Amino acid sequence: GYTQGILTTVEKVFDLESKLSGFIYGSNDLGFVSMILLVSYFGGKPNAHRPKMIAIGIIIMALSCFFFALPHFGTGGERYWYKIQLKERTSGISSLLCRAAKQSNETVEMECDARQRLKSGGWVITMVIAQFISGMGEAPLLPLGTTYLDDHVSKLNSVLYIGLSLILPNTGQPLGLLLSSYTLRYHVNWPFADSTRVGIDYEDPRWIGAWWLGFVPIGLAFLLTAVPMMCFPRKMRHTHTEEVVFKEPDEDDPLEDIENTDKQTNIPLFLHSDIPGLKRLMRNLMTNMVYITLVLAAACVLSIGNGFVTFLPKYISVQFGLSTSAAARLLGFTVLPAAMLGTVASTVVMRVWHISDRGMVLLCAAISFVLCLLTIPAMGLFCDQQPFAGLTTSYHGKWYVKWKYKFDECNQACHCLDEEFAPVCGANDVTYFSPCYAGCKDRTKVYSHCACVHHGVIPLEGRRYSGAYAESNQCPDEDCTSDVFLVFLLFITAFIMTFFVTPFMIAILRSVGTNEGPMAFGAAGFFGRILGGLLAPVIFGAVIDVSCIIFAKRCGRTEGECLLYDVDANRYLTIGLTGIYFWISFML
């Protein structure tokens with residue numbers, strides 16, 4: 001959750017396109033799949049100490065947090081952001097204003113030097129490695145933790161215990177998003193810089209938040225959690241092995257394997273050496289068609305979690321004009337109660353109603369169908385694309401052009417720099433690339449004498465500025481009320497998706513033999529992460545990049561993060577792809 005919240009800022013600092021930041025995020029799954037089968041197999045042996053294996057994984061995850069924050073401490077590149085913004089502050093932000101003489105390139109040269117320092121240290125590779133080892137540490141949690149619980153409670157109560165154990169994990173993502181919304185309010189060079197000193201705040205598009213700050217407390221929390229985990233015994237004093245008897249299905253029922261798998265596959269798998277035992281386990285799982293279709297369906301849902309949800313803060317920012325911090329905060333506060341209620345509700349429903357194994361599979365299918373239907377109203381939730389001079393409208397509002405940036409007579413003599421993206425909203429409700437491109441020649445509280453801005457009124461701090469004025473940031477859609485409906489839709493979707501987790505996990509557990517539980521979860525994680533984890537962030541990142549109108553120009557080259565998206569294309573592509581994944585999951 002925290003990584004998702006700071007991903008847009010990481011793109012800005014390291015000049016990354018969305019597909020590359022998606023690869024960084026997806027590296028977690030690469031580490032996960034490299035370990036999951038081994039951990040699941042050896043953790044499923046009778047003499048395995050599952051709590052200690054989980055604790056070791058937690059320690060590895062703690063180290064990955066510190067490793068991810070290393071680029072901030074290991075290079076002086078980021079510190080140049082403070083020097084650049086401080087120079088703009090003390091010089092009256094002259095490099096952003098329209099000047100008859102050619103602009104000094106000193107600020108741009110400082111920024112290029114900063115970016116070169118960040119790229120030359122291989123810090124992107126460092127973050128990929130951090131995510132990779134995080135995935136390795138995560139591998140023991142689900143297969144070993146779930147089966148450890150299942151082995152030490154009655155099968156009737158295992159639904160309750162497994163469901164309760166998922167409440168906190170399902171709230172982890174929104175809590176991480178909330179933490180990111182808090183840390184991004186601080187300057188990247190905190191505690192040595194703040195908004196007062198650099199002259200801009202976290203709502204400004206040029207703001208670089210402290211993306212690294214949250215990894216430190218998260219890493220420490222992991223270390224504290226590992227200590228009590230180490231103290232659990234290899235086995236509790238009493239174990240429960242009784243099975244729940246459900247009503248037998250019809251003879252021609254395609255889901256009959258769920259009820260009868262234990263009788264078919266409950267054989268002593270560990271009487272042989274490791275390799276034959278592993279082969280036999282995998283053969284049993286790969287010929288269990290109920291298990292296979294469950295895993296493939298879950299891979300589609302996981303693609304949404306690792307793909308669309310990864311970029312959801314950016315999506316909300318693009319569609320509703322919110323800052324990265326505000327989008328993460330909105331997402332966190334909405335998803336947090338929904339995740340808790342969804343997990344508790346699914347646990348109570350299955351415990352009270354005694355849903356059969358077949359019923360759990362049908363419940364998962366119904367949930368996928370409902371989620372697919374929810375993409376239809378999601379298509380209609382957005383704020384209109386506001387006019388952006390030279391990109392979505394002309395400087396005189398007479399034509400509409402995309403994918404092209406143009407000058408106008410009002411700013412041709414200003415010698416503006418393409419590298420300096422500092423959008424301003426004119427009194428005519430048109431956004432300009434920078435004060436220079438708006439033709440602004442002076443600044444006090446607002447930019448003034450803007451040759452490209454038609455006369456209008458700007459209310460600011462209790463005053464009304466009437467004339468050719470402009471203020472920092474892009475123009476908002478004042479009439480947009482879709483964000484209210486967005487909160488409702490996000491809540492419903494998060495509730496349903498977290499409701500899905502418990503019946504799916506119980507269905508996986510009941511669709512395989514008694515001794516196959518750890519390996520079943522491990523193989524499900526392996527194939528689910530390969531199909532839905534590794535590729536999904538890259539695919540969604542590439543789709544988001546397609547909807548970009550203009551990328552940043554750095555040091556004479558067009559590269560790095562997107563500065564402006566086509567709102568409609570961004571919505572149709574991302575929501576459309578999400579709907580396709582949910583539909584495939586339902587069909588499976």
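Cβ from N, Cα, C; glycine included.
Model, not experiment: these values are computed from the prediction.
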* Would you mind telling me which of 23-42, 123-142 TrEMBL tags as transmembrane segment? => 23-42
* What residues in the same chain, six or more past the boundaries of the transmembrane segment (289-311), come closer than 8 Å to it by Cβ-Cβ distance? -> 4, 7, 18, 22, 25-26, 29, 173, 255, 257-258, 261, 361, 364-365, 368, 371, 497, 500, 504, 507-508, 511-512, 520, 523-524, 527-529, 531-533, 535-537, 539-541, 544, 574, 577-578, 581-582, 584-586, 588
* In terms of Cβ proximity under 8 Å, which residues at least six beyond the ends of the transmembrane segment (210-232) contact it? -> 2, 6, 9-10, 13, 51-52, 54-56, 58-59, 61-66, 68-69, 71-73, 176, 179-180, 182-184, 186-188, 190
* Asked: Restricting to the same chain and to residues at least six past its boundaries, which positions have a Cβ under 8 Å from a Cβ of the transmembrane segment (331-353)?
  -> 1, 5, 157, 159-160, 162-164, 166-167, 170-171, 173-178, 181, 312-313, 316, 360, 487, 490-503, 506
* Structure fact -> Summed over the domain 'Kazal-like' (404-454), the DSSP helix, strand and coil counts are 0 helix, 9 strand, 42 coil
* Structure fact -> Of the listed stretches 23-42, 54-73, 484-509, 530-552, the one with the highest count of C-beta pairs below 8 angstroms to the transmembrane segment (360-382) is 484-509
* For the transmembrane segment (572-587), distant same-chain residues with Cβ under 8 A (at least six beyond the ends) -> 297-298, 300-301, 303-304, 307-308, 311, 315, 365, 368-369, 371-372, 375-376, 378-379, 539-540, 543-544, 546-547
